[in-house]
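Please read the structure below before turning to the comments.
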Amino acid sequence: MTCYLFTVLYTYILVFNYGSTALNMYFMEELCGKTLDLAAIGLESAVVKLTRNKEYSSTMNCVTIVKTKDNRQLMVKYVNLDIQSYQDCPGDYLAMYDGIYQLSNKTAQDPATKFCGDDAPRASYTSNENYFTFRFVSDHEFFGQGFEILVTSFHNGTCGKDEYSCDNKRCISDTLVCNGYDNCGDYSDWCGLSAPVIGGIVIACFVALLTLWVCMVFLWYAFTWRRQRRQRQSRRSSRPPVSSMAVPEQRYTHLPAIPPSTNTSSNRRDVFTIFPQLRISITPIQPPPYPGEPDMRDYLNHGLT
């Protein structure tokens with residue numbers, strides 16, 4: 001089960017990251033009073049968020065300008081929106097100006113609109129020139145996560161060889177196609193299965209199959225080892241103990257009991273005892289006496305007769 005979850009997770013990460021191009025992300029609270037010049041840093045698009053923190057600070061009044069090339073325009077698309085305020089945004093809001101806006105020297109038009117709440121607009125917003133100014137204001141009453149917007153440089157007309165022609169007649173860099181963001185503003189640059197995604201799927205499938213094969217080999221080895229171990233234990237338990245394999249002591253109960261001998265000569269050396277468990281003793285038969293020397297009186301008596 002662990003191998004399967006690891007395979008699914010790895011495949012998901014590989015597929016959905018292989019086919020996407022990460023965009024640079026900037027934070028407005030770190031760009032207060034500054035200009036984000038996309039052309040100067042060689043970018044065609046960027047993501048701008050309000051803060052790195054979970055919630056934005058109170059009593060903010062931050063102005064940031066986003067700029068692109070002179071012969072280009074900017075398109076803004078909202079990704080997320082979480083600015084807590086009342087209706088018509090009297091407290092916390094994000095104002096977007098078409099042009100350059102500064103607190104001390106206003107040279108732009110009135111804000112195109114104010115944004116607040118948690119419902120991100122689906123429409124895209126374009127500038128007439130190569131500038132967009134953003135101003136965020138917050139009070140001390142409400143808090144939220146802020147916003148996340150996508151800013152893309154584009155132009156109208158004939159697209160170059162390194163550009164992508166959107167369905168709405170906008171031209172964007174071809175490096176922005178199929179990157180997971182709506183850089184055209186009409187989702188025409190989104191792809192179902194692009195070449196990088198297909199390549200990612202192929203690689204992910206290969207890695208998944210290889211991982212599953214390794215897991216199956218490991219499980220088979222573990223199962224075989226455990227089975228052999230149980231077999232060895234079973235054979236050991238079926239063997240009789242060593243004590244039961246010893247020859248039992250034979251008892252000769254069918255033989256008559258022999259009373260103990262009262263012969264005191266049992267301690268003699270000429271008595272051989274065999275079968276002590278049967279208490280049987282064998283006394284050797286004494287040979288007849290050897291004839292000794294003749295007595296002279298026998299000869300005399302024999303002659304007289």
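A Cβ is built for glycine as well, from the same backbone N, Cα and C atoms used for every other residue.
As written in TrEMBL, here are the features:
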- CYS159-CYS171: disulfide bond (DISULFID)
- CYS166-CYS184: disulfide bond (DISULFID)
- 32-154: domain 'CUB' (DOMAIN)
- 197-223: transmembrane segment (TRANSMEM)
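Cβ neighbour count within 10 Å across all protein chains ranks CYS184 highest among the disulfide-bonded residues CYS171, CYS184. Remark: secondary structure over the domain 'CUB' (32-154) totals 0 helix, 57 strand, 66 coil, with classes taken from DSSP. In the predicted model, the domain 'CUB' (32-154) has a mean pLDDT of 89.
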